[in-house]
Amino acid sequence: MARGRIRAKLRRSNLYTFACLRPTTQETEGPHQFQGPGYSRMVYCNQPHVHEKKPLRYRSNYISTTKYNIVTFLPKAIFEQFRRVANLYFLLAAILSLTPVAPFSAVSMIAPLAFVVGLSMAKEALEDWRRFMQDMKVNLRKTSVHKGDGVFGYRSWRKLRVGDIVKVEKDKFFPADILLLSSSYEDGICYVETMNLDGETNLKVKRALEATLAFDEDLSFKDFTATIRCEDPNPNLYTFVGNLEYDRQVYPLDPSQILLRDSKLRNTAYVYGVVIFTGHDSKVMQNATKSPSKRSKIEKQMDKIIYILFTLLVLISLISSIGFAIKVKYQLPNWWYLQAPDSQNFYNPLRPELSGTFHLVTALILYGYLIPISLYVSIEVVKVLQALFINKDINMYDEETGTPAQARTSNLNEELGQVDTILSDKTGTLTCNQMDFLKCSIAGTSYGKKASDVEVAAAKQMAMDLEGPDPELANVVTPKNHTTLPWETNGQELRASEIELEAVITSKDETDRKPAIKGFSFEDDHLMDGNWLKEPNTDFILLFFRILSLCHTAIPELNEETGTFTYEAESPDEGAFLVAAREFGFEFCKRTQSSVFVRERYPSFDKPVEREFKVLNLLDFTSKRKRMSVILRDENGHILLLCKGADSIIFDRLSKNGKMFIESTTKHLNEYGEVGLRTLALAYRKLDEAEYTAWNEEFCKAKTSIGGDREGMLERVSDMMERELILVGATAVEDKLQKGVPQCIDKLAQAGLKLWVLTGDKMETAINIGFACSLLRQGMKQICIAANADSLAQDPKKAVKDSISMQIANASQMIKLEKDPHAAFALIIDGKSLTYALEDDMKYQFLNLAVDCASVICCRVSPKQKALVTRLVKEGTGKTTLAIGDGANDVGMIQEADIGVGISGVEGMQAVMASDFSIAQFRFLERLLVIHGHWCYKRIAQMICYFFYKNIAFGLTLFYFEAFTGFSGQSVYDDWYMILFNVVLTSLPVISLGVFEQDVSSEVCLQFPALYQQGPKNLFFDWYRIFGWMGNGLYTSLIIFFLNVIIFYDQAFRAGGQTADMSAVGTTMFTCIIWAVNCQIALTMSHFTWIQHFLVWGSVVTWYVFLFIYGEMSPVFSGNAYKILVEALAPAPIYWSTTLIVTVACNLPYLTHIAFQRCFNPMDHHVIQEIKYYGKDVEDRHMWRRERSKARQKTKIGFTARVDARIRQLKGKLQKKYSTLGGRSTLASS
């Protein structure tokens, strides 16, 4: 205890980066010299009141991710609504309806528009309110702030000010960007988790200046004052430049003292700090982009259709007005009973052009039914109901966290079915950062019998292929002209068992399996329970276990409940190695300032002995070194260097005597890599005292040097020692991805989707994850773009840029020259290279290379770069992009992508707040896209096409009739018929199409993932199909109008021989329209429930019910429709026969078209529907499997691609084997 403060016994900072001495460069260097703009920020520590007035008044700590606020909602929301072309037209029509020339009342035009716009705005307001409430949850979090006189109290985040002293406790988020002053550790270090910023889960070490270490309790801040001058707010997470002026001294500041908002304090009781950047000035918010207004591609294309229909509307209105002007000029004078001209010049033979102009306005309103205003309302209703189904999908509900899927906006449902490229974060999205120790190679012997997921899948797939048999495999296994040998009578079974044996060896004792140990899935009795002591090469096995338990930087923490140790490791690999060492009998149990203690079950497994190893030096892992080493002294006084690293690096450093097992170890490493395991090689070296002493002097000199090349000097000195190594063996761990991630990626790949991984993690980690989730595999050619340049170049930046440009050009050329059809390329690029690759003169060159690669991994990228890459893919390819992530560092790309998906249920909700859809696990993306996306796309596409069809069919009959009536503006239909047409009589069936239609079931969608490609290829909403539906509408309108006119023209209608009047013809035509369009939608549907039947046929029945009730009303209300059904239409056989003939004639071409298409040119879903209808999926399972294998997009990534590659290898081996056997049998017979 020191002044009531808990002290940590261990200076953990000593465990990091080239070990034991604290670098003093920070405070021996002079203060930063600021020049030019960008460094104007002044912060007066512990004096927040100074920042209440300009020019030192900075932004508040209040954050907002909403689209609107109280002031901007009305103007912005109204602008959004009238960006829709149809709404703009109806606004114009509503204004014109106030004039005397309108054929309808103003209310009938204004009310629907107000309803449509109001409903859409209410939905926008509700969705934005949810975002606001989530923002407030963050803004109202509490943190401890210095209130004066050494007293701290809690205050909400939004009330924090620049200059405030804050105290942040363990496992709490930092409320703003803070300068670290002191911590609960004596040397002022703290551990920070930056997963929300850069995606990394390994902890970062931050270190306070020695000058501020004394401020380690509340009272010490009573009289504390200091001044900070630093850089202005900027989005760069990895840089910070500033000076602290305290006690008449100036100290330089760097990123190691800065604690960024939304990162979290770990393994440290508390820290004190001063607020530098607040709210939207903080680096994480600087990386955020404004909430964009997103519109789906279908909605944008719908605008183009509206333009076409509007052009048609204007055209027929012009024809109508010209025809009317001609009639007025030449025929109106003969029609004396019309008393022309009238006082308003609507009918003036002397000024026909004026009358024609007035009629143009009438016509524009009259033919407005060509442009369906109810389409937008129907789409809004359908999308809300679709979103409800997504929210309620029990298969996307995460039971562990109790989190369902959520469609946070329903505007983009159909866009889910058109995704071409997925851009994914790694940590927390793909991985749960858990490694399982699965296999190992020691002294040339491979241990570990448990199969990896890839091995199991390859064996199953091969066995399934042989059941067929697969013709390709049959040709491989049984060559032509091959004579059947006696032992081949049961060849099929033999070959299947051979493949299974060759592909995978699994544990036989499934029932005796021990309870699962997190991080350890190793199964091999040769090494367990002390049995390794009976193995040959026990010295090497002992060294192997000791390297696992000693070569690391982890901290052991005793779990008092279980009595076992957990390990706070820099990487999940280290954690898995320590758990494995513990299970093998070498438990790392304690670390002090200079020693590591291991509880070893050696030489007797039953009697553990605690041994101390003195840590002399630690040579840490970096992405450049690709290895780490520890130099220690054992209890016998021997000095050992233990090393682990990438096999290519270790093998290059082996001594001549250290390569005894290199051949067999290399073979094992290749085998492990082929089945998706992450590998490291282990080696050691014995050192004599004199050699170590001389080296250590050089190392200490490099360590305490001051200057920019300190790291380079350390690396060179370390490299001198890490030579002449002796190979011990290799490890193979299985990366534990989130549940279902490999299967999900595989299914998405089979659906034809491309996946890019954008991560803030190291390149090696990203590559290993790529292997784990099958984005990368053994045999795939990796293109690594790195920022290399000649250090002697006059312009280093230009040299780096030229180097990257050359690498991209060479890689593109290599892909073009590749002749192997199975060859796959992976592009891996780091953030520094990406900075240059995203510049205007290079970005499309980079994009073309990336598109040609099977998988793309961008590592060490900042949130801003994630957004820029997303924008490049979106704009450069012109295809739909989906971004998925779980942290604040993913917000930029989520907002930039066409669709943003947030992973909920993970710490921090920033990604969810910025997203369009949220799911609890990455694996639910498969169902969201392949099922809901596919359905929503087809539903919306068919619904819109049908809407235009029915409105063209209805609207053009008005035009034909007007041509028959001298372009007088007379409607053939009663006003109530026209009002009810879109609102009641045809609206509910089309909504049922948009909500319930399924071309295939959800199970079949997953079994036939290639069906998804109908969306990205836009097969159901391309211009061919749109114009086809428009042509169908034109044909229907011609049949309905002219067939009715021809039939009724001079035929007796009533019993007395009278012909039909206008109301009878109009009502019959309207009846034909209702029947025709409802039968058409019934033919369009593939999936019927009672709801569809009820709504489709109920709409027809509703028409007759309405006609009966309307006809029974007083003539004051019903007008010419008085008793029209009971007295005029129902008794007339011609009415019923005309309805039947016209309905059949209208739908016959479509019926013929779909019958012809299903017979001679079926689409994928047509074939599946036929198979399911006739039950062939049950009767003929082989045929069903064959069709399923066809319905996979050819892909070079994913689990299936890896299994296919494995199968090709096995087939090659079998071919060689049987060709050898065939040769022997030929020799024997000769």
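All positions are counted from 1 along the displayed chain.
Each Cβ is built from the backbone N, Cα and C atoms, and glycine gets one as well.
Those TrEMBL annotations? Automatic predictions, nothing curated.
Feature annotation from TrEMBL assigns domain 'P-type ATPase N-terminal' to 43-110.
The list of residues near the transmembrane segment (85-103) in space but at least 6 beyond its ends in sequence, with Cβ under 8 angstroms from a Cβ of it, reads 109-110, 112-113, 116-117, 303, 306-307, 310, 344, 346, 358-359, 361-362, 364-366, 368, 371-373, 375-376, 969, 971. Annotated transmembrane segment per TrEMBL: 85-103 (among others), in sequence order.
Marked as transmembrane segment by TrEMBL: 109-126 (among others).
Counting residues 6+ beyond its ends, the transmembrane segment (305-326) has Cβ neighbours under 8 Å at 85-86, 89, 352-353, 355-357, 359-360, 363-364, 367-368, 370-371, 944, 948, 952, 956, 959, 962-963, 966-969, 1026 in the same chain. Per TrEMBL, the feature transmembrane segment maps to 305-326 (among others).
Taken from TrEMBL, the feature transmembrane segment applies to 358-379 (among others).
The feature ATP binding site is assigned by TrEMBL to Asp425, Lys426, Thr427, Glu574, Phe621, Lys644, Arg678, Thr759, Gly760, Asp761, Arg860, Lys866, Asn889, Asp890.
According to TrEMBL, the feature Mg(2+) binding site maps to Asp425, Thr427, Asp886, Asp890. Asp890 (Mg(2+) binding site) is surrounded by 35 other CB atoms, counting those within 10 A of its CB over all protein chains shown.
If you look up TrEMBL, you'll see Asp425 marked as active site, 4-aspartylphosphate intermediate.
The annotation domain 'P-type ATPase C-terminal' is assigned in TrEMBL to 912-1162.
According to TrEMBL, the transmembrane segment annotation covers 947-964 (among others).
What TrEMBL lists as transmembrane segment is 976-996 (among others).
Under 8 Å from some Cβ of the transmembrane segment (1026-1049) lie the Cβ atoms of residues 305, 945-946, 948-957, 960-961, 964, 1059-1060, 1064-1065, 1068-1069, 1072-1073, 1076-1077, 1080, 1134, 1138, 1141-1142, 1145-1146, 1149-1150, all in the same chain and six or more residues away from its ends. Here TrEMBL flags 1026-1049 (among others) as transmembrane segment.
The transmembrane segment annotation in TrEMBL covers 1064-1083 (among others).
The transmembrane segment feature in TrEMBL is assigned to 1095-1113 (among others).
The feature transmembrane segment is assigned by TrEMBL to 1133-1156 (among others).
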Under an 8 Å Cβ to Cβ limit, what residues of the same chain, 6 or more beyond the ends of the transmembrane segment (1095-1113), are close to it? 976, 980, 984-986, 988-989, 991-992, 1067, 1070-1071, 1074-1075, 1078, 1081-1082, 1121-1126, 1129
Given the transmembrane segment (358-379), which of the listed stretches 947-964, 976-996, 1064-1083 has the most Cβ pairs that are under 8 Å apart from it? 947-964
List, in sequence order, those binding-site residues among Asp425, Arg678, Arg860 whose Cα sits within 10 Å of the Cα of Asp886 (Mg(2+) binding site). Asp425
Ten-angstrom check, please: count other Cβ atoms within 10 Å of the Cβ of Arg860 (ATP binding site), all chains counted. 21
What mean pLDDT score does the domain 'P-type ATPase C-terminal' (912-1162) have in the model? 87
Counting by DSSP, what is the helix, strand and coil composition of the domain 'P-type ATPase N-terminal' (43-110)? 31 helix, 3 strand, 34 coil
